[in-house]
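What Swiss-Prot annotates here:
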- 1-35: signal peptide (SIGNAL)
- ASN99: N-linked glycosylation site (CARBOHYD)
- ASN144: N-linked glycosylation site (CARBOHYD)
- ASN161: N-linked glycosylation site (CARBOHYD)
- ASN208: N-linked glycosylation site (CARBOHYD)
- ASN480: N-linked glycosylation site (CARBOHYD)
- ASP526: active site, nucleophile (ACT_SITE)
- GLU529: active site (ACT_SITE)
- ASN544: N-linked glycosylation site (CARBOHYD)
- ASN574: N-linked glycosylation site (CARBOHYD)
- ASN635: N-linked glycosylation site (CARBOHYD)
- ASP730: active site, proton donor (ACT_SITE)
- ASN818: N-linked glycosylation site (CARBOHYD)
- ASN885: N-linked glycosylation site (CARBOHYD)
- ASN992: N-linked glycosylation site (CARBOHYD)
- ASN1052: N-linked glycosylation site (CARBOHYD)
Amino acid sequence: MRSIKAASLTPLLAALFTTLSSTLALPSSVWEHQLETNVLALRDTNNNGSSSTISPSFDVTKCPGYKLVGQPQQSQHGFTAQLSLAGDACNAYGVDIANLTLSVVYEKQHQLHVHIYDTAKQQYQLPNGLIFDRPGDNPADIQNGSTADQSDLVFHHTAENGTQSGNGGWAFWIARKSSGDVIFDTRASNIPTYNDGLSSVSSNTKRNTTAMPAHEMVFENQYLQISSALPTGANIYGLGEYVTGSFRRNPDETLQPFFTLDAGTPVDSNMYGYHPIYTEARRGSDGKLRTHSVHLQNTAGMDVLLRRGVIQYRAIGGTLDFRFFSGDQPASSSSSSSGNDKAVATVKNSPNTAIQQYVNFIGNPVIHPYWSYGFHLCRWGYNNVSETQAVIDAMRQNNIPLEVQWNDIDYLQEFRDFTTDPQRFPQKEFAAMIAKLKDNHQHYIPIIDMAIPKAPTNDTDVYYPGTRGDELDVFIKNRNGSQYIGEVWPGYTNFVDQQAENAGKWWTEAIRNFSEIVDFSGIWLDMNEPSSFVIGNAAGPETNLSNTPAYTAATSVAGWPQGYNNLTWGTSGNITVNGSYTYQQGPVQNNDGSKQRRSLLLSRDEDVLVQRDINVNGGNGDKFGPEDPNYQYANSSQRYLSNPPYAIHNGIHISETPLNVNLDKKTVAMEAVGVDGQRAFYDVHNLDGTLEEQHFYNALRDIRPQERPFLISRSTYPGAGKFTGHWLGDNYALWTILPGEEAYKAGAGMAQSIDGVLQFQIFGIHLIGADICGFNRNSDEELCNRWMMLGAFLPFMRNHNTIGAIAQEPFRWDSVANASRIAINKRYEILPSLYSHMAQSAESGEPAVRALWYEFDEVFEQTKDYAHQFLFGDDLLVSPVLEPNVTQIKALFPNAGGKWRNVFSYEALDVEYNKNVTVDAALSTINVHLRPGKVLLTHSKPAYTVYETAQSPYGLIVNLNDQGEAKQTFYLDDGMTPAPTPNSTLTVSAGNNSVNGSIEGEYKAQQNLTYVVVLDVKQKPTQVMMGGNKTEFSWDQQKTLLNVTGLNADLNGSGRFRGLRLELSLLCED
């Protein structure tokens, strides 16, 4: 090490002494954590060989932007160029990086890559292939890329004519070739500035202001800023994971932090997932609605702000790595020598395509096993095998289908992963329970948390996964080479370095050993943001690591759904008590300004929540670490990791944690490193959960190669859908989020589950659902009734609640039991159609669940702000009840060229289209309608399990449009074989008084077709024939419904089927 000059020694020692004075008063677990940061700063200063340091200015108005240097290097698929600072460094929140490289690559006709990175490549970038593969930055190396002539999108910049144009620094913008409309524009002159911060954000200090006083591009070692102009009232969707009052982001006032956090489901904050992707819908200059997607590839914490006319990115690391997706479909798939003609001749642009193009880039979602679309049941608080078995038995006794039983952390011995409690879940009884489930064609899923208990250091305790992890050297470390220790449910814990050489081997061994004692069908991955209950390293030099007491959760829960007053009506949650309705009376504003009959106000007496995330302490009990450092940079290689100068709004509205522990709260310390001393956790924190999912997916493929892995996980990053499904986290037994400031005291309710499902279609994770009836707080009968109905028409269906809350299994209330039977039976009946949508979306990347305007852009203005209704696939319109004490709802039904049909009664909906209308919605019902011109493939006899249901013959429900036509394709496979999966496509079409079907592919359908229901048959046929033979039928004049029965038709035909195999001739009477 270069020696310190005498002149600089005194101030450096004084700074160190001051730091030690403040830290030595703290436990060793905190001061070691902080001392490492300050020593690192001193070391970097010394290496610079100078006493001169750089202090942040906290002022972006001084930032000069960049200028183009030299001539771009052109190639067939794009170009590269060099950028350098256009003036004196501003060092706003770090050290300005003087030299940057611009890479512009036309990767595909619809996909444009723009990457601005430090030429020295010192900034962290996601290694290619770590989660998903992607083209590189050098256009000369691109294989099978597109060209500027072929591209849907045009890249412009202010120096493209050889000289800098306009005022300010270098900037770029992206335009559509077909219309000339600009979709991304970084020119500061086109972007409004805001000198005041957002009114909704209480803290607007120099370190985290939400003001936007300037828009020059900033590229520093710990702060990157870039802005783009937006139209007034921009229609932005995505940028999550988030909970707010609308699927559409507020274009005038949105602050969205990005940093994976164990936080429940907070309103207007960051939470479990990290997805800096948005889809935007705009009216072009020609008045047409077009949609595109914009993705920023990064791993660092960041804030994204929306204010009127602008979107601004603020990242605390990484690079500016954008991809733009046009949302356009080419006129044909054939190649053309005239690429320009091909690009202009686009025939369609759609949100489905804009989302699909992004999902194709990060990797299409996995096809999940068929059984996973059954009903799942869980709660935190099934304390032993007997309680769990009693619930399984009660479900069957009440004839409520149960496909998958889950256990939360209750089954673990002292909350240690890969163990079972010998008293409460003894292996013999536990194995017998699971075996009985398997014998009945049911399934079992246990939870696994990310934190691994520290291997005991005494001779009386053994924890093999911890010991084996030490042997294979897979656990995250401190900078000094010691193991990093956190605290979670088991006490002292390690965390796996997911990129360690032996990480995959360790996970596979642990999962394989666990599978020999617990015969699970899938795994539930939790706490993998990752979550830790301490700030910093929990173990100091003298900590006794054998003392690992497990945490004890509280057991009392207060809080009820809006309008239910437990002080008046008790804790039953019933709709009626002694003949009286239990909702208190009182007017509350609806979304449309009208008054509803019963109050949505909540009595908040003793509103104490039991959460999976407990209060966070500093190591050994201290709450917070030292105050902010006096930021002094020696050079751009030095960083302040736990407490960078720009404080992203991590956990905003959740707690009043001081900014100096902003990033370390509730997670692994940012200074922790990989097993090789590389990869500061600051850079890889947001990847951790998805890398764990990848390890689990690969392990399950290895352990059970003939089965599809099934994972449900909490923390996600782009590409996670290739490995896992997701549930929307620890939500609340609420109808919707609470009003005003009250919203920040709780979180997502039932209404937000729709927003969440739609979000994750954009994020490429299609198996998605919420905790039905709510996780936090006590639920009640009416909320649970409505939620079970809604949950049956979302991809992932699981009822789950917290320890200490009243029980909410479907059999607990008679009306909920009845609603559950109705909803689950219908789900199982139409499961071939739902599964087809999920499988086809996995193959194509298009969303399985869609906002109405995705399919019907003519209703965009009416539906762009809300998600009160949604489409499952392109054919099932779901309109749930999302408020209490109503028997009617307002809903909008697009004009689809025929009659929408209720899938329960087959009755035609007779309403005015493209307007909000009133429809009946009695308790224990839900409005689900089949689109005209579409077909449902069904199981004819829904049963208790998915397996039993699938043994029954197929049926078809054909809803003719006004032209007497219908068409749909269905995906058939065995529901279990991993990809590449032998499958077939069944195509059903109707027209000219006939219904025809054809099947193509490798998979042979296991069941015959037994009935066909044709809707909108206005006259009674004289005969119905199939294959030249008359068939049985009945006709309902009121419903205009033809029911053809007794078919027993082989969908496969003889051998490999080609052509038409089913034909029903409808010879109608005059």
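Quick reminder: no glycine exception, Cβ is built from N, Cα and C everywhere.
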Cβ neighbour count (within 10 Å, all chains shown) around ASN574 (N-linked glycosylation site): 19
By Cα-Cα distance, the member of glycosylation sites ASN208, ASN574, ASN992, ASN1052 nearest the residue listed as 'active site': ASN208
For ASN99 (N-linked glycosylation site), the three-state class that DSSP assigns: strand
Secondary-structure category, per DSSP, in which ASN885 (N-linked glycosylation site) falls: coil
Rounded distance in angstrom between the Cα atoms of ASN992 (N-linked glycosylation site) and ASN1052 (N-linked glycosylation site): 24
Inter-residue C-alpha distance, the residue listed as 'active site, proton donor' and the residue listed as 'active site, nucleophile' (nearest angstrom): 11
In the chain carrying ASN818 (N-linked glycosylation site), residues 6 or more apart in sequence that have Cβ under 8 angstroms from it: SER924
Length of the line joining the Cα atoms of ASN480 (N-linked glycosylation site) and ASN635 (N-linked glycosylation site), in Å: 22
Listed glycosylation sites (ASN99, ASN208, ASN885, ASN992), ranked by Cβ neighbours within 10 Å, top entry: ASN208
Residue among recorded positions ASN161, ASP526, ASN574, ASN885 with Cα closest to the Cα of ASN635 (N-linked glycosylation site): ASN161
Assigned element (helix, strand, coil) containing ASP526 (active site, nucleophile), judged by DSSP: strand
Residue among glycosylation sites ASN161, ASN208, ASN574 with Cα closest to the Cα of ASN99 (N-linked glycosylation site): ASN161
